[in-house]
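Q: Just dropping this structure here.
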Amino acid sequence: MESKAFIVEGGHKLSGEITPQGAKNEALQILCAVLLTEEKVTIHNIPNIIDVMKLIEILGDLGVKVNKLDEGSYEFTADAVDIHYLESDEFAQKAAKLRGSIMVLGPLLARFGFAKVPKPGGDKIGRRRLDTHFLGFTKLGASFNYDDRSSFYSIDAKNLEGKYILLDEPSVTGTANVIMAAVMAKGKTTIYNAACEPYIKQLCRMLNRMGANIQGAGSNLLEIEGVERLGGTTHTMLPDMIEIGSFIGLAAMTGSELTIKDCRIDELGQIPGVFQKLGIQMEFRGDDIYIPAQENYKMERFIDGSILNIADGPWPMFTPDLLSIVLVASIKAKGTVMIHQKMFESRLFFVDKLIDMGAQIILSDPHRATVIGSNNERPLRGISMTSPDIRAGVALLIAALSAEGKSTIYNIEQIDRGYQFIDERLRALGAKIERV
Ligand SMILES: CC(=O)N[C@H]1[C@@H](OP(=O)(O)OP(=O)(O)OC[C@H]2O[C@@H](n3ccc(=O)[nH]c3=O)[C@H](O)[C@@H]2O)O[C@H](CO)[C@@H](O)[C@@H]1O
Ligand SMILES: C=C(OP(=O)(O)O)C(=O)O
């Protein structure tokens, strides 16, 4: 995709049904896990987004046979991995473009005793340290080196041995990496303070189907009994919960009646409840979320009458990836809310664009923004803006679709990194978006 901007004509109501794509952050883990076996792994519901396609390309370059079966369905066979590819300039360039590339480390270490990656890419949303990954690998017996000049992290180990590992923080990609390193280690590994997102649960389920022995999936205490080898399997990605949350925010801000199909509501944790706290009505119809057209909605207060505060935290707390969407959805509500982004320090700066559009927001510091909702009395106005990161990008797109007049959003590669054909899918609901 060569395009650079979306031109959005705001103020149109959307309506209809939309089906979420497969989960981006699950896909990045699951794709790396195909490196753990020389047998065929079939994966369904793979989202067609930039980050995922880049990772598939890297797997292919590493020698994994990639066979596309259908839209979103692929077979992978890692029976001839060329570990020397990790030394190439091409790998350095490609792997540095996405966050997910860091998760080739665990499986390559488990299978080949060596791995390296450049400093990974992903959103520039504050410091994104990787200590947890290397703390885990070194506990299992690997030696670790960081080359400051080339920005390459490398690890190697003749043998990995199961250990008790208390993670310093429940890092999502860190937990996935340590699990993948531990599944074929000798003996028992216990990971405490593990991340427990549905993504990690899905990864554990997949690995168990491949022959691993992991107990505790979905909790913060994982017990892994090492096995000799893993075999092939078939895996289907969950619907992307961040897309689901984004569509709830979109429906609310544009006053649209939308049905979000096949949501796996059982795996959404706090997500629907947080949007309901903003006053957004929704109905669960089987596994669909129905959102009626709402001109007005009123934020709740806490039981003692104090002002609402919505903060992120490691799962099962509210995911940081949806705070930008919650923030934008609160602009139209009646009431006041403090949005507290605890985990990242540069994810709220996009609010200056919302302020330019007419929103009443006070950015108190890099972590906290207070939104004084308009009760739908002061519509936003369209402006030109640049998308700083994936979720802020979609938050700005939602704001633009709800605004009076025309907006231009630049740097939409950020949005395409994580939302599949978003312009096309929203046009089908009646949105006026042009890709230029
Ligand atoms: C490819 C991928 O899957 N990316 C996701 C993954 O990134 P990623 O795995 O990189 O994020 P981590 O879970 O490692 O940490 C995210 C940030 O939160 C901080 N932190 C973490 C735990 C904690 O208890 N306290 C704390 O402050 C970390 O220091 C870091 O700054 O998880 C993040 C947190 O859900 C999401 O935003 C990213 O979309
Ligand atoms: C921050 C995100 O992605 P990444 O970790 O790939 O930068 C995200 O998905 O919101």
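Here the Cβ of each residue, glycine as well, is placed from N, Cα and C on the backbone.
Under the heading active site, proton donor, TrEMBL lists ASP123. Annotated phosphoenolpyruvate binding site per TrEMBL: LYS24, ASN25, in sequence order. The UDP-N-acetyl-alpha-D-glucosamine binding site annotation in TrEMBL covers ARG99, ASP321, MET343. Residues or ranges marked as domain 'Enolpyruvate transferase' by TrEMBL: 8-424.
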Q: At a 10 A cut-off on CB-CB distances, which of the recorded positions ASP123, ASP321, MET343 has the highest count?
A: ASP321
Q: I want the residues beyond ARG99, ASP321, MET343 whose C-beta is within 8 angstroms of the mean position of the UDP-N-acetyl-alpha-D-glucosamine site's C-beta atoms, in chain order.
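A: The answer, listed by sequence position, is GLY122, ASP123, ILE125, ARG128, VAL172, THR319, PRO320, PHE344.
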Q: If I take every residue in the domain 'Enolpyruvate transferase' (8-424) and average their pLDDT values, what number comes out?
A: 97
Q: Between MET343 (UDP-N-acetyl-alpha-D-glucosamine binding site) and the residue listed as 'active site, proton donor', how far is it from one CA atom to the other, in Å?
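A: The separation of the Cα atoms works out to 13 Å.
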Q: If you run the three-state DSSP split on ASP123 (active site, proton donor), which class comes out?
A: coil
Q: Would you count the other CB atoms within 10 A of the CB of LYS24 (phosphoenolpyruvate binding site), including those on all shown protein chains?
A: 25
Q: Give the distance between the Cα atoms of ASP321 (UDP-N-acetyl-alpha-D-glucosamine binding site) and LYS24 (phosphoenolpyruvate binding site), rounded to the nearest whole Å.
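A: About 12 Å separate the Cα atoms of these two residues.
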Q: Within 10 Å of each Cβ, count the other Cβ atoms and name the one among the binding-site residues ASN25, ARG99 with the highest count.
A: ASN25
Q: Name the secondary structure element type, per DSSP in three states, that contains MET343 (UDP-N-acetyl-alpha-D-glucosamine binding site).
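A: SS state of MET343 (UDP-N-acetyl-alpha-D-glucosamine binding site) = coil.
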Q: When you look at ARG99, ASP321, MET343, which the record names as binding UDP-N-acetyl-alpha-D-glucosamine, what is the longest CA to CA distance in angstrom?
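A: With ARG99, ASP321, MET343 as the binding residues for UDP-N-acetyl-alpha-D-glucosamine, the largest Cα distance is 16 Å.
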Q: Quick check for the class: what is the C-alpha distance, in angstrom and rounded, between ASN25 (phosphoenolpyruvate binding site) and ARG99 (UDP-N-acetyl-alpha-D-glucosamine binding site)?
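A: One finds 10 Å between the Cα atoms of these residues.
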Q: When DSSP states are folded down to helix, strand and coil, where does ASN25 (phosphoenolpyruvate binding site) land?
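A: Note: ASN25 (phosphoenolpyruvate binding site) is helical by DSSP.
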